[in-house]
Structures are given as structure tokens and as C-alpha cells.
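Annotated in TrEMBL:
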- C93, C102, H173, H178: Zn(2+) binding site (BINDING)
Amino acid sequence: MASRPRRGEARADVDAHRVHHQPLGVIQKMPYGAQEYIVACARTDPHNTLQIVTDPPLQGAPAFREEVWIYGQLVCLVQDMNVPWIVRLQSECGKGAHQDTCEAMHVGADVYLCPSHGDSRPCTAMEYILHSLDTITAQLCSPQHFPGGAYVPHESVRLFYSMSKQLARIFLHIQLHHGELFAEAEATSSLYARFRMLVEMYDLYPVEELPVQ
């Protein structure tokens, strides 16, 4: 028997608990079943990255099509970056001791121009990161590229590389220029470990260009 929600429990946690106790065959048939499953696993134990990232087996085969599973993973990764990663970064990036390394999007000695403008107008690192996440979110929510949670057109799969590249660049900036924040946010969420495992498992982006764990 499934346990009842606890008084004061967050609605998102209640929904995750409900999904986690559904048979996998039922979750698979949900319109956004892959995302529902990933969210449920991440809320149950955010540090169990292997369970979160691995497409669960159902009747001897992966429960979800590979492109649908990767799409769901990227949606959840972008959503989960907000807290604590982006919230913490907004209070630190470009301020105090970080002014020199965050007046532009620095990744070590490299400086990147924001692709969102279509021109050479400079962005601070924080603006670059927010613009990149907005662009990724817009693509993931676009009915043209991703018409539903259970189907990904073949031509949209190519977007996974550019999304992974932008996310890798964000993680690199945080690790190289906000090391303490990176360590604390990762200890709470294991989000970077999750991203790295996804990239390695599905060959989304060169692993040697990712931050070292």
C-alpha cells in the first residue's frame, strides 16, 4: 500500500512520491513519462546518479526510446540548475572578488561571446549563463523541435550536442571561477555528476572538455 502524503509536504515531492510508486509500465504510457520518472528518482535520492540517468529496463528492453530519454534528462537538468546553482551564482557572479573574471564569460583563459544576440555585444558571465539557459529552455519547449514528451523528431536530436556544450561551459565557469560554490552546490545536488554521466553514457559531448570531478 502506498503511503499517504505527509502534512506540510511540498506538492512536487508528493507528485514525485506518487509517480515513484506507479508500475513502470504505467509511467511509460504517460505523455511525459520519462520526465516523470527522472523527477521521481531525483527527488527520492539526488545522489543516486546511476539510477537517475539509466533508462530503466522493461520487459528486457529500455522503457523509453533513447532520444526521448535524453530529452527528458536535459529538461530536468535545466530545471534543477535553478536551485541551488543559479540562485547562488546570482549573488556572487560579477561581484566583489569575481568582478575581473565575470565581466565576460570566462572559462579559464578563454572568453566567449553570447550567441543569443547574434552580434558581438558583450555579456557578463551571469548574463551569458542566463541567456544560454533561456535559449536551451526555449528549444526544449518548442513544439517545432520537440512536439511532445513521447516523441523526438530525428532532426531535433542534433540539438542535444549544442545544449550539452552550453551546459558544460556553464559548469566549467562555475568550477573554475566559483570553486567553493561549485563544491557546495554539487554536494547538495550531485547535478554535475548527473550531467557528466549522461554525456558519457550517450556520447553527447567530448568528455575531455568537461570539468574534472
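Backbone N, Cα and C define each Cβ position, glycine as well.
Values in this document were obtained by computation on a predicted structure and should not be read as measured data.
Ranking the binding-site residues H173, H178 by how many other Cβ atoms lie within 10 angstroms of each Cβ puts H178 at the bottom.
Counting Cβ atoms from all protein chains shown, C93 (Zn(2+) binding site) has 24 others lying within 10 Å of its own Cβ. All protein chains shown were included, and the count of other CB atoms within 10 Å of the CB of C102 (Zn(2+) binding site) stands at 24. Residues L89, E92, G94, H98, T101, H106, A125, M126, I129, I174, H177 surround the recorded Zn(2+) site, their Cβ atoms falling within 8 Å of the Cβ centroid of C93, C102, H173, H178, which are themselves excluded.
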